């Protein structure tokens with residue numbers, strides 16, 4: 001197209017082609033434009049752009065995720081330790097923090113509207129993303145409840161390592177839903193980290209908190225595994241929704257997708273709270289909270305904000321890489337959550353937990369090295385292909401113009 005613009009004297013035709021290219025980016029796969037003067041037809045073909053990893057930006061997303069993923073379970077456990085009993089309320093806190101995204105989204109929308117830099121059609125979320133985000137939001141709402149219910153019966157350290165099994169579910173669903181390609185490094189990572197969770201699962205009976213019966217402990221155990229499975233399904237579904245989007249995926253689209261998803265998840269948990277009469281009992285629970293009513297509300301607000309940071313980080317990681325990569329990164333944070341719980345709550349650190357921690361770190365390192373090598377190889381191959389394509393296109397355009 002560049003060579004055609006350079007040699008063609010019909011400037012109006014060049015403008016038409018540029019406009020059609022913009023239209024192609026917005027959803028069309030192939031468009032034709034014809035110059036009536038020279039009788040030349042130029043075809044604009046939209047080629048999907050390969051996803052390239054910005055490692056510095058990914059590091060920022062990872063830090064945001066780490067702050068939320070390590071801090072949120074600790075704060076949520078504080079709620080249960082000092083007298084909190086409302087599981088639907090605890091689940092509700094994992095998504096209601098999405099309301100903090102409303103002011104920045106409103107500000108960005110109004111700013112772009114008044115400065116005429118971005119139309120509302122481009123700014124607003126793609127309609128093809130609304131329904132998938134709502135459907136995934138239902139799954140996330142149920143997942144929040146299963147995780148909260150499990151955490152009420154088992155220690156944070158055990159819950160964190162059990163929840164790392166979501167990586168195996170993520171890998172399985174990513175293979176079927178988004179055709180995730182596995183390398184030796186990714187397969188090794190999934191196998192090692194899953195084995196670490198199995199080792200922990202076989203030696204958790206001695207880790208039962210005081211006052212928790214064996215039956216309740218098993219309920220918490222299997223609820224946590226169920227929550228891991230739902231999260232493992234949700235991450236590839238989010239990636240699939242991103243792939244199906246007709247608009248370029250940027251941070252504004254990711255924020256809006258997260259807003260719709262968590263808003264629906266909040267609605268699901270709100271229904272559960274209404275059925276369980278949680279709203280009527282919040283004030284009474286706050287008055288009877290062991291460390292005081294004021295700290296009760298501080299814990300609730302902090303929990304909501306931290307969980308939202310986790311969600312934001314995971315969404316951005318998926319948009320930058322893949323659902324499997326997001327599963328790897330979140331899984332490697334779980335052992336650090338375990339260590340933080342051991343320090344903060346003096347939970348037991350058994351040999352099985354130490355082995356599980358080492359295996360998780362090994363698996364993460366394996367996957368990270370594999371992704372880094374693959375990315376470097378892709379960049380090298382893409383550079384060679386781009387140079388060959390430029391030479392071929394230049395020759396074809398020159399022949400047509402002659």
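From the backbone N, Cα and C atoms, a Cβ is placed for every residue, glycine too.
Annotated features in TrEMBL:
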TRANSMEM  55-80  transmembrane segment
TRANSMEM  92-110  transmembrane segment
TRANSMEM  122-142  transmembrane segment
TRANSMEM  154-178  transmembrane segment
TRANSMEM  185-205  transmembrane segment
TRANSMEM  217-238  transmembrane segment
TRANSMEM  250-276  transmembrane segment
TRANSMEM  296-317  transmembrane segment
TRANSMEM  324-345  transmembrane segment
TRANSMEM  351-370  transmembrane segment
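The stretches the transmembrane segment (250-276) and the transmembrane segment (122-142) are in mutual contact, each linked to the other by at least three Cβ pairs under 8 Å (pairs 6 or more apart in sequence). Residues 91, 95, 108-109, 112-113, 230, 233-234, 237-238, 240-242, 244-247, 252-253, 256-257, 260-269 of the same chain sit 6 or more residues outside the transmembrane segment (122-142) yet have a Cβ under 8 Å from a Cβ within it. For the transmembrane segment (217-238), the list of distant contacts is 132, 135-136, 139-140, 142-144, 146-147, 149-154, 159, 162-174, 177-178, 180, 201, 204-205, 208-209, 257, 261, 314-315, 318, 323-324, 326-327: same-chain residues at least six beyond its ends, Cβ to Cβ under 8 Å. Within its own chain, the transmembrane segment (324-345) has Cβ neighbours under 8 Å at 62, 65-66, 69-70, 73-74, 77, 81, 155-157, 160-161, 163-164, 166-167, 170-171, 174, 180, 186, 189, 193, 232, 235-236, 314, 317-318, 353, 356-357, 360-361, 363-364, 367-368, 371, counting only residues six or more beyond its boundaries.
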